[in-house]
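Single-structure report; data block below.
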Amino acid sequence: IGNTVLHILVLQPNKTFACHMYSLILSYDRNKEGPGSLELIPNNEGLTPFKLAGVEGNTVMFQYLMQKRKHNLWSFGPLTTVLYDLTEIDSWAEDQSFLELIVSTKKREARQILDLTPVKELVSLKWNMYGRPYFCFLALFYILYMVCFTMCCVYRPLKPRTGNKTSGRDNTIYVQKMLQESYMTYEDELRLVGELITVIGAIVILILEIPDILRVGAAKYFGQTILGGPFHIIVITYACMILVTMVMRLTSTTGEVVPMSFALVLGWCNVMYFARGFQMLGPFTIMIQKMIFGDLMRFCWLMAVVILGFASAFYIIFQTENPENLGQFYNYPMSLFTTFELFLTIIDGPANYDVDLPFMYSVVYFAFAIIATLLMLNLLIAMMGDTHWRVAHERDELWRAQVVATTVMLERKLPRCLWPRSGICGREYGLGDRWYLRVQDRVDPNKHKMMRYTEAFKTQDRDNYDKDLEKLEIDRNILYKKELSALSLSRSTSRTSSHRGWEILRRNT
């Protein structure tokens with residue numbers, strides 16, 4: 001019951017009341033430091049009150065709980081060294097990491113906790129010491145891997161075509177070799193080494209990605225842009241295309257160019273994932289993801305309707321014409337592709353002025369140009385501009401969240417010997433087996449001086465206000481005169497109090 005009340009207090013809008021009640025309930029807890037403490041009991045979602053405060057973005061409760069966990073080590077003048085308890089914060093021994101919960105939640109207020117002490121210092125320590133070097137090395141290794149795969153595709157086994165052409169539009173001169181003919185020369189053996197590296201890399205990608213999908217869940221793992229959800233879809237699809245290409249090569253099945261082409265596009269597009277390690281490029285990856293999976297996906301439904309309608313009209317118009325003079329609409333699939341190119345203004349309107357064009361072509365093309373080019377493309381630009389404006393206001397915040405997600409991902413993937421635990425063991429200071437982060441804080445003396453000046457103004461105004469109230473209560477029978485005198489008196493006293501305040505400022509300066 002006490003643990004349930006603690007979880008309810010974290011969700012209370014009245015932060016001051018919630019903090020006082022939280023402290024009152026914990027004062028009756030018998031196991032304050034043991035494993036049976038009320039603060040360490042999770043709810044049905046596996047969240048303790050501390051983690052729930054982070055997920056809900058309750059910065060007041062989070063700072064209140066952190067103040068209870070800190071230990072002042074020493075203080076000298078404006079410098080103070082504090083030890084912060086990393087229990088439930090550090091993702092080292094946590095199945096459900098506090099940092100991962102913050103970056104995966106949909107509430108923007110939760111990401112503000114990443115800028116608070118000691119979370120900010122812990123993430124900065126991990127990223128600068130281990131995260132950034134490992135991430136840059138991983139980016140370089142992946143680019144070299146993609147270069148190897150690209151060279152294997154460029155020099156894939158082909159042989160001249162021996163059969164006759166099936167039609168006048170048949171333009172094929174090379175065909176794929178059979179498996180027995182693909183690995184006979186020294187160059188083929190070099191290509192075989194690169195192909196083995198490519199296949200092994202695809203298997204490693206699947207081995208690393210599948211456990212996280214099972215642990216987090218497919219909807220959450222692929223749906224969060226900060227966690228790199230779309231890029232996870234890209235890299236898993238890429239690995240599957242590599243395995244499909246391998247099966248087609250081993251069985252001598254023709255048509256391996258289809259999965260190979262998809263793999264090349266997806267593999268090189270995944271290089272953008274590594275832009276999140278740089279503050280200049282990181283926010284743009286989120287911007288691209290939101291535009292593709294938000295604006296562009298909605299726009300594609302409208303574009304498909306327009307292309308389908310006008311492509312059908314163009315095909316019907318040129319159905320009775322000679323395809324040798326106007327080949328852009330010689331069949332229905334080609335009409336769809338040509339209309340798509342016209343929609344994006346990749347090509348100009350196809351017209352052969354040596355022959356007579358149908359009258360309806362001019363009418364339909366005029367309507368298509370107005371709807372597609374002037375209306376829908378400008379609508380897409382406006383939608384993307386709105387997305388850019390929204391993401392630009394959260395640039396630094398989104399980049400910090402990306403850094404946290406990348407740091408947690410690397411910490412889970414890499415062996416413990418390559419990523420030691422951050423912080424200081426509490427046994428060095430007689431604080432038990434918990435781990436702490438030492439943070440040095442510098443107190444600004446000017447801030448405290450200004451606070452004293454503010455209090456001086458407040459106390460003088462409060463004294464003058466009390467004196468005015470006493471004078472107003474002298475005689476209630478002449479209330480109107482007293483109110484006028486009080487107004488004039490308040491003006492004079494405010495003038496004198498401000499004058500005294502400025503005198504204090506001059507004297508201290």
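Placed from the backbone N, Cα and C atoms, the Cβ positions cover glycine too.
Within the model, the domain 'Ion transport' (135-393) carries an average pLDDT of 82. Under the heading domain 'Ion transport', TrEMBL lists 135-393.
As annotated by TrEMBL, transmembrane segment applies to 134-158 (among others).
If you look up TrEMBL, you'll see 192-210 (among others) marked as transmembrane segment.
For 231-251 (among others), the entry in TrEMBL reads transmembrane segment.
Positions annotated as transmembrane segment by TrEMBL: 257-275 (among others).
Among the features that TrEMBL reports, transmembrane segment is placed at 296-318 (among others). Beyond its flanks by at least six residues, the transmembrane segment (296-318) meets 326, 329-332, 335-336, 338-340, 343, 358, 360-361, 364, 368, 371-372, 376, 379-380, 383 of its own chain at Cβ-Cβ distances under 8 Å.
Here TrEMBL flags 359-381 (among others) as transmembrane segment. When Cβ-Cβ distances below 8 Å are used as the criterion, the transmembrane segment (359-381) is approached by residues 295-296, 299, 302-303, 306, 310, 313-314, 317-318, 339, 342-345, 349 of the same chain, each at least six residues removed from its ends.
For the transmembrane segment (231-251), the most Cβ-contacting stretch among 134-158, 192-210, 257-275 is 257-275 (pairs under 8 Å).
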